[in-house]
Amino acid sequence: MATTRLLFLLVVAVMITMVRSATLHYNPTVINLDRGRPKLHIGMLTSWTNADNSQGTGFPSAGAFPLAIQYANNDMDILHGYDINFEWVDTHCDINLGMAAISDWWKRGFLGVIGPGCGCTYEGRLASALNFPMIDYACDENPVSNKEFYPTFLRTIPPSIQVVDSILLTLDMYDWNQVTVVVENITKYRNVFNTMKEQFDMREEWEILHEEYYAGFDPWDPDAAEPFTDIIQRTKKTTRIYVFFGDSGDLRQFAISALDVGILNSGDYAIVGAVIDLEIRDSQDYHSLEYTLEASDYLEQINQAYEQMFKLREYTRTDDERALEAMKSVLIVTGEPVLRSQAWHIYSAIVIDNALDEPFNGTLELKTDIDMASVYIFDATTELLKALDATLQAGGDMYDGSQVVSNLFNTSYRSKAKADYQFDENGDGVKSYVLLHRIPIPVGDGGMPPGSPGMYPIGTFVRAESGHWSFNKDPDLNPVWHNRDDPPLDMPVCGFHGELCTNWGLYLGTLIPAFIIIFGGGLGYYIYRKRAYEAALDSLVWKVDWKEVQTRESETNSQGFSMKSMVLSAISVISNAEKQQIFATIGTYRGTICAIHAVHKNHIDLTRAVRTELKLMRDMRHDNICPFIGACIDRPHICILMHYCAKGSLQDIMENDDIKLDSMFLASLIADLVKGLVYLHSSEIKSHGHLKSSNCVVDNRWVLQITDYGLHEFRKGQKEDVDLGEHAKLARKLWTAPEHLREGKSMHPGGTPKGDIYSFSIILTEMYSRQEPFHENDLELADIIARVSKGEVPPYRPVLNAVNEAAPDCVLTAIRACWVEDPMERPNIIEVRTMLAPLQKGLKPNILDNMIAIMERYTNNLEELVDERTQELQKEKAKTEQLLHRMLPPSIASQLIKGISVLPETFDMVSIFFSDIVGFLIHFSLSSCRLFCSSQVLPLLVPWLHSLLTLPLHLPLIWMNPLISSFAQPSWSALHSHSCSALHSS
C-alpha cells in the first residue's frame, strides 16, 4: 500500500510538471449566461481539431454539450436559481492541454469537467487527485475503472470489454463451447479478447483458439493485403464457430472472405462479430455500401466524396451481394440502436447547428451525421448537473468531488437515446446490447421496405442492477440459419478428426452384450430389491401375539393392561437380582423385558403407510435410540413394545434427589441425547415430534436412549387417554415448539427437526435446574402455553436463574440459540453438537467409560498409597517391638512378637520387697538420685522408683537361693545406707 501511494504521488508530481509546461498554450473558450442569478461553471474537453488542424473526433458531437447546458438552465428541477455557464477547450488530443485546463478550472472554482474525449488516464488521475468530478464520453481505457486511483472519474460510454458478457451469453445460448477468435492487433480489441479468454479459462469444457490480423487494415484500400483468407484456410479444419473482434468494415470483409473460401455454403459454420464503435447504423449498413450512397440525402458534395472514395476500391454491386449472402451466417453483437424518431432527427439537427455556430464555429466537411458520442456527451453533462443538484439538495458541498459523484454510482438514468443506461459500481457506463441476424426486417428501416433482408435485432442483452446479464429474445423473431433449421454445431458430431466416432463398429459386438448384461443385471438387482422390500413390508416379523406377552395378573384398565404395572409401581424384575423401580407398563416378551405403550384404538388397518412405518421402526438401530421390539394389534391389547430401560426416564432421574448428577454425568447424558437426535434426524423418520424428558430413557449402563418416536400412522386416530388429567395434558405441551402450538390439532404428528431442537433446549433447562420446565415462571400452565404460542417479542421462555448458576457458557448459548422464535434461525442438530463440543472435552463416549477411566486413575494412585502406607507400617512395627522389649522381659516380648501365647508360671519360692509409698518417698528423699552401682547388685536394676516397684517383672529365670540374696541385698542396702549412694542429712 505504501508503494502504491508513493507511485501515486510520483504520477501526480509528473502531471503537475506537465501542466505547468502546457499552461502557456491553454486557451479556453468562455460562454457566460447572465440572468442575475448565482453562477455555476463547468468545463468540457474535446478534440475539436487534430494537431494538424484537420477535423477532430469532437465534430460535430461536441454540439450536444451547450444543448445539455441549455436544457439544464431551462429545467426547473436542476439547480433551480442558478445560471450554469461553461468553458470548453480544444485539446487536439494533447494530454498537457487537457491537464492544464483541469488544473485551471479547479483553481477557479469550477464544479466539474466533461471529457477529455481522447485518452483519459492522466487527466482522470489528476482530477481524482484534486477531488474534481470528471465524466468522460469516449474513453475506452481499462485502468480508470479502478476507483482506488480514479475515485472521481466516471464515463457514460461503456468500456469495450463490456461486450464480452453478451458474446458469452450468445455462445451459451447456442451451446458453442469451442471457438476461434480473430482479433485486430490493437489495444482495444486485444483487451476484449483477453477478458473473454479469462472467462473461457474458468470453464473446463470451453476451448478457445486465437488468430490476429495486422492493425490498420483498410478494407476499402485496393492495395491493402487482405489477411483473412489465410486465417480461414489455416483454421477451417479445427473450427466451426468464429468470433471476430475488429471494425465493422473488417467484419464485412471477413464474412466475404469466408464465403469465397467456401466454408459458409454448407451452413456448418457461423461467425459472431462484435461492433463496438460509436457509429449509428441502419439494418443495411453492415453489408451494403450501395445503400449508404443511395440513402444519403445530404449535400451533393458528400455523395461525390463517397463515390470518389469507393472508386479507389473499384466498388461493384457484386460486393454488396456477396456481403449480403455471407451475412446469413453472421451474428452481430452491438450497442442498442438509437430509435430514429422525429425527435431524434430534430436533436441531431440541433447538435450539428451548435457545432457550426458559436462557440465552436465548425465548418461542414465530409462528416455530416452525429454519432453516439453526442449522446454520451449530453448524458454526461446532464448527469453531472443532476449529481450537483442532489448534493445541493442534501445540504452537501458541491465542491467536494467525491460527494458529488457518489450520487451516480450504481444508478440508472434515461439517456438521450431514449433508452435506460446505467453507471455501475466502478462508474463505467452500461447500456443494453442487441443480437443482430440477417432476417427479413419486420418494419421499414432507413428507407427500405418491410421484408427486405437486413441485420435486425432478434433480442436484447440487459444488465440487471445486480450486475447479471440476461438475454431477452423477441418472441416474434427467429434467426434464419443458412441451409439448416437449427444452429450449427461448434464441432462435428465425430470430432474434427473423427476421434469421437473411432472404432464404434469394432467395439459394437462387445458393447452391446456388455450393455445387455449390465442392464439386465441392474434390472434384476432392482427387481430383487423391490421384491425384497415388498416382502419386508408384507412380512409380520414386527407382529406380537399378546398371548406371548407375560404381565402380572391383576385388575386391568379399559385397554386390558395391568393397573399395578403402571407408572411408579414397585415390583421386582425377575431377570435382575437387584430391587429396581418400574417406570412404565412392562411385560416380558420371549424373555425380553419390554415397555408396553398402549394405543387407544379399536383396530389397526394395515395400510401400506402403516407397514412402511413398522419396517422403518425395525430398521432403526443406534445405541441412543430405544429399540423397537414389535407391535400388537390384537383387540383390546393394541400396543407398541419398546425395549425397557430400568433406570427410567430422564425426567424420573431429574426428580430423584438420591441420584447426584455431576458435570460429567450431565455431559454424558447430553451427548447421548444429541447423538440420538443426529441419527433420528438423518433417518427416514426425520423427526420425533413430541420430544420431552419423559421420552428420554436410561438403561442399566446409564446410556440415554430416545423412545416414543415414529409410528404416527399407526397411532393416527387414537382416542385420548381417559386416565390422563387436564393438568397432565397441559404439562405435555411445555416442550412443544411455538409454531407447533399455533398449529394445534393440524400439527403433523411427526413434527419437524427444528421443533425437536426447541424441545431439546427445554430439556437442557430441566437437566441443569433439576426442576420441571418453567418452574420459575409465576404463571399457570395454560397461561404459559398461551404466551409461548403467541410469539411475543421478546419470546416468552423459561426463567434461567437456576440454570445460569449451574450450566457452562456453551450450554447457555445452545439453549438460547435453540429456542429462538423463528424456526429457520434455529441451528440444526449438527450445529448444536458443535456448540456443545466443549462439554465432551477430555471425556469418553459414555458414562461407564468415564467411570472406568476414573477407576483406573484411582487404582494407579491407590498402588502408590499402599506402598507408602506399607513403609509407614514397617516403621511403626519396629517401634512397637522396641517398646515391647522395654516393657516386658525379652523372652515374653519375643513370644508376643511371634504371636505365641504366653502361659502363666508357678514359682516355688519368691522374695518380695514391701514398702509403702509414703515411707519409701520419705526415706529416699534423703538420698541422692543415683543408681545402685554395687557389684553385688544385679545390673538389671533400673532407676530406683521404677526398679523397686517392678523388680518381680524382670525375673528372666527361676533362681534358687541366690535369688533371695539378690533381692534382699538392695533392700538391706537401702535401709542401712550401705550402698555407694551416700545418705546425707537434710
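Glycine is treated like the rest: Cβ placed from N, Cα and C.
Small disclaimer: the values here were computed from a predicted structure and weren't measured.
What Swiss-Prot says about this one:
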type	residues	note
DOMAIN	568-836	domain 'Protein kinase'
CARBOHYD	ASN185	N-linked glycosylation site
CARBOHYD	ASN361	N-linked glycosylation site
CARBOHYD	ASN410	N-linked glycosylation site
SIGNAL	1-21	signal peptide
TOPO_DOM	22-507	topological domain 'Extracellular'
TOPO_DOM	529-986	topological domain 'Cytoplasmic'
TRANSMEM	508-528	transmembrane segment
| remark: By a three-class reduction of DSSP, ASN185 (N-linked glycosylation site) is assigned coil
| Length of the line joining the Cα atoms of ASN410 (N-linked glycosylation site) and ASN361 (N-linked glycosylation site), in Å | 37
| query | Here the glycosylation sites are ASN185, ASN361, ASN410; which one has the lowest number of other Cβ atoms no more than 10 Å from its Cβ? | reply | ASN361
| Assigned conformation of ASN361 (N-linked glycosylation site) - DSSP reduced to three states | coil
| query | Where ASN185 (N-linked glycosylation site) and ASN361 (N-linked glycosylation site) are concerned, what is their Cα separation in Å, rounded? | reply | 37
